[in-house]
Amino acid sequence: MAEWQKGDAAWCYINDDVTYEAGKIVELGEDDRSVTLKLASGKTLTTERANVLRANKDKQDGVEDNTFLRELNEATILHNVGVRYAKSEGGIYSTTGHILIAVNPFRQLKIYEEAQARALDAARALPIKRYLGKPIGSEPPHIYAIADRMYRLLLSSGDSQARSRRPSPRSPRARHRGGPLLLRCRDRSAPRAQAIIVSGPSGAGKTETCKLVLKHLAYVTKHLSEAGMSKSSMELGALLVMTNPLLEAFGNAETNLNRNSSRFGKFTQIHVSKKGAILGASIQTYLLEATRVVVHAERNCNYHIFYQARRSRWPAAPRAPEGSHYRATRRPSDANKYAYLRNATGKATARPGGRVGGGGDAAEFKDSLSVLQKIGVSEKLIASLWETLSGLLALGNITYGETVNGDACIQNTKALGTACKLLQCHDALLQQGLTSRTLKLKGGEMQAPLRRSRRARRWHVPLKQEEAESARDALAKAVYGKLFSWIVTQINTALIDKDTKLDDTGFLGILDIYGFENFERNSLEQLLINFTNEQLHQHFAIALFKTEQEIYKSEGIVWPGVEWEDNTACLEAISGKGGSIFNLLTEHSRLPKSSDASMTEGLLNEHRKSKHISPPKMGSKGGRGTGAGTKLTGKEAFVIAHFAGSVMYQTAGWLKKNTDSLHEDLSLCMSSSSAPILKDLFSVGSINAFTGGSKGGGKRAGFVADKYQKQLDDLMRTLRATSSHFVRCIKPNHEQAPNKFNKWLVLDQLRNSGMVDAVRLLSSGYSVRIPFTTLEESFKPLCPDKFKALSAPTFATCLLTALDLGRTDFLVGLTKAFFKSTKLAFVDALMDGTKKLEPKFFKKMARVLALYRFRRAIAAVRSLIYLMTKMRRQRALKKLRQSALVASA
């Protein structure tokens, strides 16, 4: 790097609040360690050179692709993203090669709406249409550009595998009538699956970004169809987009950081035929935060659906079936009347009434109801669904007292009666299940001299008050967890026909999953979420960093690369073999007399020399060290050094959460319910309602952490088999306010997402590459015979040089051609057939070939001369050694 000089523009790191401030060098320290700057604010500051980074010229402010910046560092990236965010509506997007950065605007934008887009620029037509078939970089950055590229790559890989010969790119058949322009790439090695991974913290706009991807897919496939399908591609695409409000109602909640926070992970697989038509879709969900149903922190809310159903009127829904208790039961409109809607402070969180961009709880309830009807759920099941949700709220109002023996007893029988009516179960069975349980031993049931039932050999052990409250909450979580799974099943059933054959078809995957979390109090749920982000970060790093170095090495190209921080050790500490966190959690969950404290002590003892797991520091009070509460010890918490920073996890209640299952009495009570949904969900044999374990328990599959680890392993295996596209969503401020850009918050997210290192790597290397076989299949048939006999590397070199690429724009490896990221538009144009090869081009290519052979011949002669000289020196040295040996003898 060039030395600093007076007058150079620079960015100076001030503090965590201001981050970087622009300035100019006015004086250089004599010790080469300090520098004095005149800041933009007018102040003069002397600081260490390590705090100063180079700045770009003003004319580079707001470039669309960060790799185009001359000076690349975290300060220039932060400045460029900020300038674009304040510049225009489309400035919320910027790219880093093929990686999209999307900053949440926290307002409705005109760049998505069709009518508004026409008003802005009638010549541009619809926003989606603007990006169809266009190379990345030829239009302003947009999520539609990434979605379109993903779709075109899927079609090109399927088409190349199905045909050895294709029509000319200029043929009328090259464009499907009414459909998108197909990419003319015949890369046989391309996977028949594409995935887009949308990541970022809560409130960064991940859910809305995924909706736009689905909207694009629905548009580009609306005129395509497959024979034998009961639904057209247009219908399936529209249905896929339409189901989002229902999933958000049951899986999203308002938090202090996000009014519409997804409290579950979702991976949508959209199956696409070789023609590009949608054959169907399936949704896989991960780690629903069931605990939120019964308790949530201050300034947090329960799931949207509870508020929607509470404020709705039954006439908006289908007419209630005869005998329904839903219309007959009065539902208080005040959220404070329901224990499950009150937060940790004992009061309900003030709620504006709906999601951002929604029409309020009542209007959103109608949307949820409409989706249920359109996916084919019967009126009877819809009525049963609302009754069950209301029954859960009534269940939460059941309070307990103690008998003279210290056993739990239900105090407010009115709430019990309301819950029984809505859940349509027997009062006595529910009351018995909420206050006692039957324990089984091998060879029979446990007998105790307490509460003998009428049936022989059945004895019920009464519960203490705390145990009874836990049983009530476990029932609510189990019911809601199964309801959520039922909703997903109904959607999947509507999205794909059972007779549809998916063999030899590709799919587009869309992953929308929770971001990294670090709260004042972090528990098992946060560990599972952050473990997921560790896995995804490794996938991103491997796809972008490690693979880069391996590819260059395998292609025989010398490339300096950048250092990559491998987080494998952290993943092994959490879920690896031996004494990992998950293994110790499972081991202690099996022991009858184990405790959270003993598990924590054993974990810290096992990892006493680990760099990633450590005890809490003296005086630590919470996850961020600033929360209220008592000081934590090595029996109560531990710290994990994640890729995004250290997080303290408090282990109180972990063993219970890991084995959080519903005891058999309550499960049998629900299975005997006359409510259609409950009767089906709690069928006999499904005892462990929360974790999905089978009757009688199970091995590792019955524990929450182990089950989730298996799910995540399956997801990562799927992602590794796809060609992944990355979207990094950025949250500009915590207040969810438009036009407000918090530099420290954004910089922290850019660092944690790996974008700073990604920009440095992509700009310094050759991020775009095409196999020689692809170039040969596309262009050799168009060339004269004398070029067809050329070897693949020679043909690629001559072709690309004749297309006016400079020596620094591309490199030729053993099997691939590598291009600079600034040549993205050129490469996409090359592959979609828009580059025309006229007769005069082949004359130019012949001159390039002659020059290439002449240079190779000169290089060969020079190599031969060098080798001959080397050999003569070796012979002379050998003779000298022999003469020395004879003389010494």
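Numbering starts at 1 and runs along the chain as displayed.
Using the three backbone atoms N, Cα and C, a Cβ is placed for every residue, glycine included.
The feature ATP binding site is assigned by TrEMBL to G200, P201, S202, G203, A204, G205, K206, T207. Annotated compositional bias 'Basic residues' per TrEMBL: 163-178, in sequence order. Annotation source TrEMBL lists domain 'Myosin motor' at 61-832. The annotation region 'Disordered' is assigned in TrEMBL to 158-178, 608-627. The feature region 'Actin-binding' is assigned by TrEMBL to 712-734.
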DSSP-derived helix, strand and coil totals, residue by residue, for the region 'Actin-binding' (712-734): 9 helix, 8 strand, 6 coil
Local Cβ density at G203 (ATP binding site) - other Cβ atoms counted within 10 Å: 23
Output field, ATP shell: CB within 8 Å of site CB centroid, site G200, P201, S202, G203, A204, G205, K206, T207 dropped: N104, N258, S261, G515, C729, K731
Protein Cβ atoms within 10 Å of P201 (ATP binding site), excluding its own: 26
Least surrounded among the binding-site residues, given as G200, A204, K206, T207, when other CB atoms within 10 Å are counted: T207
Surrounding CB atoms that lie within 10 Å of the CB of S202 (ATP binding site), all protein chains: 19
List of residues, in chain order, with Cβ under 8 A from that of G205 (ATP binding site) and at least 6 apart: A102, N104, C729, K731
